[in-house]
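What follows is a set of notes on a single structure, which appears directly below.
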Amino acid sequence: MAYNAYPADAAGTWQPLPSQYLPTPPSTLNFDPLSPLLFASSATGTVASYFCSPTTGLSGRYTSYRAHWGAVGEASVDNTGVLSVGGGGMNARPGKGGSVKMATRRGMALWSVETEPPAPLTTFAYTPARSSEIIATGPGSDLFMVNVNRGSIVRRQAPPAPLLHLRRSTQLVASTVTGSLVLLDTRTSELSVGESVLAHTGGISQVEAEGNYIVTIGYTMRQGLPLPDPYLKLHDTRFLRPLSPIPFPTPPALVRFHPRLSGNVVVASAEGRVQILDLKEVGKGSVFQVETPSYLTSMAISPTGEGLAFGDADGYVHLWSSQEDAKFCRFEGEVELPDTVEPPERINWREDTPLNSIGMPYYTSPLFSLLPASFDFTPSPTHHSRPVLDPAILSTVKTVDFVGYAPYPASARAAGRRNQVPAGKNGKRTVGLDAPMFRSDRERAEMKKKRDRVVSIAKLEQEEEEKADAQMPKHYRKVEIKYSRFGVEDFDFGFYNKTDYSGLETHITNSYTNSLLQALHYTGPVRTLAESHTFSACPKENCLLCEAGFLFRMLGDAKGMNCQASNFSRAFSASPQVSALGLIDHDGESATVAYASLIQTFNRYLLEQMTAESHVAGPNPSLIKGVPDSISRSPLAQLLRVEAKSVSVCQQCGVATSRDTSMSVIDIVYPRRAMSNELPPASDYPTILRNSIHRETIARMVCTACRQTNHLRIRRVLAETPLPPVLVINAGVRTSDELDIWVDGRQGAGKRFMQPRFSVGRNGDNVVVKGVDGGETTEGAITYELRAMVVQIQSDGDPPHLVALARVSSEEATPGGSWHLFNDFLVKPISEDEALSFPGSWKIPAVLFYERVDARELLDFSPLPLSGDPSILSEDITVSRNRDPALVKHQPLSADELPRKGTLISIDAEFVSLQQEEAEFHSDGTKKVIRPSRMTLARVSVLRGEGPETGIPFIDDHIHTSDTVVDYLTEFSGIRAGDLDPFASRHTLVPLKVAYKKLRILVDLGCVFIGHGLNKDFRIINIYIPPSQIIDTVNIYHLPHRQRKLSLRFLAWAVLHSAIQADTHDSIEDARTALQLYEEHNRLEAEGSWEDVLEEVYREGKQTNFKVPSLEPPPPPAREGPSPGIGALGPLPAQRSFGGGGSFRQPRSYNP
């Protein structure tokens, strides 16, 4: 699929070639220096090559092969072959890390080496001294030196800091995750670190080096947020000295050195602005624009410098050439093509054709399957004899297709459960929390218990729990979702949660954030602000504050039903800053990830991001009583941010200077270990917290008064403004000595380090922090109380994970009974002593949330919107650039049609797949799901369920998604490629947030949803609907004593005598059919024949195997008189287009 989107008069001498669409968006691009090929690597681990011509652009694909089990980090093409690094991360095989691979241009592997631990490899570079050795690494990975001639790891070394990029110049240049450049010396046996300089405060995204130049692109911190740096930073390789940066009108995103013009670089922005400039004479250069439908993600320059290739996020590759007779490679060789395979001679088969016309293999030696006569069948420790079966079993065996089947005897059932785990040492089991039965198996298990009079499963589980390890309660262990053939819906979440407070599921990406989201949910002021933000007209598509508010509302409404943060994870992963900060959890079960540190970094990023998103147009409302409206402080900043001043005192001249600063998170600073001749420093909780607020440090810098480089003592002092209602603290435990401070009993028997209540007061510029016992308070001080905390749990042999401990406001009246454990979807009430204790190293504190005890009297949320605006249901919103009015099948609600409580509406949704299901099949034919498929909403249709316009849709939205769709499921969804693309879709296309807001408004208004199989639809949409607002025809048309539930297509054929879903699915047709089935049910109920008709439907289904015959549906039975029933639909109007009539309102463009 190619398109030519560039104008004929492109600026400068550079001319565009036809762009080519690739099935998978390229993450890296490389020109072949010896062949007319362009290599494109992808985030799925594949490397593909395409024929590349300076006159016609890309043509056919030459080869494609899987290089790594995970994203390809970087690749290089030379005369030896294609060298690439990658692997690890989410798509890696369990227990495997990154890999380095050398392959031929045809895709055949020359050698491949894998690395440990399971961290992804993202970059590599040749060592300056030798061209036969490379150094490969990645965030969280060690440095690996690999010999490319032998394909073996020469040595391995821990990096001085987590590295993101490696580049070879006169020296080896590396970039760190903190935004610094480091010089590495490879001449010694161990890589040593030379000079270091901070290049970008927010992180580095691109590094290139040539000669004595180093150019970098990255992010800069502004108001606590990482934003794209508008400067191209330059450094001198010899002394790592910064040179004058080069500004750009749009922040640069990609950079490459020109291979033939020394000191020239090609710089491109994400929006497609490309500039070629000379670093010595910045004023000279050429500029042109790459017209991309999305944003650029990769760039390559040919070895001759006469060709450029750009890849964008939608999968298009844009080629540019510098002149008509340009050459992309210096020495163009021939591409080795595959041999032509001669087809076998066709045999004209007849009755008299001899059988020897078909060749058969001939063996001259015995096959291994022929066991020798001397084989010893005597039982041994490695060769067991065949077990003797019970004669009672053999007497009841029935043979079907050479396989014998027999019922499980009652005597064996009474002896114990099948597949029972044997006891370990001391009779204690070594496994974690027992897994529950699937819902589909529970009924059969109950029947077996009654029949065989065995001990109840619950009693056995209770006995096993009493034998559990006393050091760590079993409910703290990591829980996992097991998948049956019915999917995740068959998993019994109720086994883990018997409370009214909902947990969060773990089978989504970045589920490590569940604990922090739960802690924020039970921090009242933050929850209220986030929920109110969902009612505002927020224009940002991937707004984390909106998604957190939607999630908090769902957790509050679900009342103990399990929820998932899939929409929040999608919005969180969409930000490029998240990858730069290393916040993506690639594995989810890695034993090497320090989740306590990761969640603290995520906490700081999330609070800063949501603080910026909480700004409103105009003056920000004041949430603190008695404080006027603030123009600069956002609502969330008023709740969290601590205003302070940073005071610097020069040790030489004694002049003090100060600057205003603020912090949303207080990082705990632990005292250093005392020397042998020193008294141990105070290490109680109030003293450490006070020192962390002041955070006194000494730095060497230039004094503004004496203009000399001296040591300055820097100390933080609280401003005169009131302290915030919520105080967030990062525990920052990094060493065993710091963890020992938190362990119970260190300060005496029965004493704890952490204080659940403390007061903060002022004594001049000094902060006074005191612990508060019971209701005791200090006069003039502000008292804070612990509301929630996030801790890391790690027992011996288990991977670490995070849990939340939170106080539930509705149970605070019960002394000590308000604390609950939120271990993902396991929710359990615990005592206050258990919540506040740190008995050993298996429990590590991470984030603490304190709230002022007078927060309810202090805060006023009335200026914020506390209810949704239903007028969005009357708006026609679309982001599609080419919507076809003839395909518009919905008519938005008018002002007098807005629904009220109890209004009937019919709904159906279609979905596409973002990730295929991963499963393994056992030798007995059983299937085990390892990772379920990941779906996303692609289309939702909502129809009027009552009134004169019954059956007319008022919502029919296709959902725009920026994620890669692996399967459109067209047969079941009706969605085709291009339907979800704003530049190609002819339908009404909206962001997911807009569609979600519409459904959320309908839920809040009290509408009753009618549909077929709605539970799964609402689960994927990630919205909770109270059962009282759901009428599901799959449950209405179901007999309790029958296990089978009937499909919508079969019910339409058997009950409504109509044929639907003939070629593909249509959500309007399915929603309308469900509405008709509901009306038919009401009519049959009024007639008193409902049960008889349903029995007849099941009898017909049994005859046809519940499949719709290819014949025409039977005619409906004749009825006399008017059709009884409440609001009977009768024949619904045919689908009609509202695109050309005069009543059609022009769509409002949604531009986030």
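For all residues, glycine too, the Cβ spot is worked out from N, Cα and C.
Annotation comment: TrEMBL describes 334-470 as region 'Linker'. According to TrEMBL, the domain 'USP' annotation covers 502-853. Here TrEMBL flags Asp908, Glu910, Asp1017, Asp1070 as divalent metal cation binding site. Among the features that TrEMBL reports, region 'Disordered' is placed at 1104-1152.
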Given a 10 Å Cβ-Cβ cut-off, pick out the one of the binding-site residues Glu910, Asp1017 that has the most other Cβ atoms nearby.
Glu910
Cβ within 8 Å of the divalent metal cation site centroid (Asp908, Glu910, Asp1017, Asp1070 excluded): which residues?
Ile907, Ala909, Arg939, Val940, Ser941, Gly1011, His1012, His1065, Ser1067, Ala1071
Give the sequence-ordered list of residues that share a chain with Asp1070 (divalent metal cation binding site), lie 6 or more positions from it, and have CB atoms under 8 Å from its CB.
Asp908, His1012, Leu1048, Ile1060, Gln1061
Looking only at the region 'Linker' (334-470), mean pLDDT returns 63
Count the Cβ atoms, other than its own, that fall within 10 Å of the Cβ of Asp908 (divalent metal cation binding site), considering every protein chain shown.
28
